[in-house]
């Protein structure tokens, strides 16, 4: 029994020893494997870290650094100032920003506003829901870049070169043959552009467009300049109460966002006043905004009817406008296009364009100005819900590389099919724009159009509320998984029924268009000339005589003509739209008219 017990004990000890050796072996092998693979794991981690850094470098953030204000109008067009958004500035106005952030954090109870009240629509708060509770002055916005090519003027950044070119192009009426003789130097550059296929980048640019509506702390110190820096050689009289600064008078405003490495700069140009944050309103720069709207987007100085006050004196007679006058009005120093050129010049004084990627963006009027500025200097431009600016581009004779396709212009227009201003249908006697005093008669855009078809996809109806940048960001862009596809604009022509003339002896006016409204039932006179040979024995000579025969012919018509058919063109209307005078475009005032009473 004792031997048997010892045998079982030895057997148990051997099994324990075997298990022990097995465990030790496994642990040893595991340690060896970990030790061997440590180097490869470290290399993989380093590679992953590099890839993450590349991703973060591709997706940087933008933050508001400067605000530029350029005065316009006859009084303040020489006024130009800059406000730097520094940490000291943010600390100085911390109570205001705290209050503003609380206001933006609260749910907005939007009052019921009729879609035909444009002024109240503009006065609504338009800060996007996605950024509620964030300070517009310190918000950081992500973005991504993409590689692209740009063809632009070599001397575009030379002082006064662009202005001299535009003056020369205006003097020669934009004649392409003459412009080609001066042999402009075009260069091809590899540049960085916003990645318009990335939804976050598009939202960022739209937010910058919305940020341009933001008002700054409006206290007495700010009114008297305090933080503003004078630019240029003109310093207004600070004791003159008629000269206001910043937001308080007519002018153009640009909010400048800069990346952390100072390599990317985005200029957000303010659109039509009224669509601001709490504390804003249509009384900021609304009057001058409307003047520039009507100058840029109407056929002839907002000449809709004799009841309208035109913004310039270029109208001559029914559907006839002076082209030279229009071009000079757009280039005046107190208008927005000249102001945006000078604003860009002052931005490039801080951020040299040779070493900085400069983009421009804006909403509505600001988007159109961004497109004009981008085409002038060859900058990438992204516009949101902008009216058609092709007509203004041609009137300004902006430089365009010969043969450059639209997809290489680096201009993108984002819009939706339910916005009547973007679609160019907010016109006519009963339209909301006309009732509010806006002559939005243009439809055609330059560059690429990126259109969200919300009418088909969401069943929306055309409504001015869909023009707001807040609606565009929260209810359109963020509700789609991808950004809208961008495509070249279809063939388009604005103001086809207008005749633009130039009072220059060396310049031929546009020929009169054939009148399709002439009544086909009127009798016409046709003159037939025949040569008849006749023989004469007088003096033995033969002579030929020409007989002119005039006959009256009438076209064959199944309908019996009346004695006095009414003309087909309305030349004069009452204020409520009733036509009181009929005639033709080429008729005199006292001939071929029909009065309806």
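Just so it is clear, glycine is given a Cβ too, placed from its N, Cα and C backbone atoms.
Worth saying up front: this structure is predicted, and the values here are computed from it rather than measured.
Database features (Swiss-Prot):
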| type | residues | note |
| --- | --- | --- |
| ACT_SITE | 364 | active site, charge relay system |
| COMPBIAS | 519-554 | compositional bias 'Low complexity' |
| CARBOHYD | 195 | N-linked glycosylation site |
| CARBOHYD | 262 | N-linked glycosylation site |
| CARBOHYD | 346 | N-linked glycosylation site |
| CARBOHYD | 481 | N-linked glycosylation site |
| REGION | 507-570 | region 'Disordered' |
| TOPO_DOM | 1-15 | topological domain 'Cytoplasmic' |
| TOPO_DOM | 37-597 | topological domain 'Lumenal' |
| TRANSMEM | 16-36 | transmembrane segment |
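Structure coloured by features recorded in Swiss-Prot.
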residue: 195; record: N-linked glycosylation site; contacts (Cβ under 8 Å, 6+ apart): 143, 144, 145, 146, 201
residue: 262; record: N-linked glycosylation site; contacts (Cβ under 8 Å, 6+ apart): 351, 356
residue: 481; record: N-linked glycosylation site; contacts (Cβ under 8 Å, 6+ apart): 199
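A simple Cβ count within 10 Å picks out one of the recorded positions 346, 364 as the most packed, and that one is 364. Annotation note: residue 346 (N-linked glycosylation site) sits in a helical segment as assigned by DSSP. Between the C-alpha atoms of the residue listed as 'active site, charge relay system' and residue 346 (N-linked glycosylation site), the distance comes to 23 Å.
If you average pLDDT over the topological domain 'Lumenal' (37-597) in this model, you get 77.
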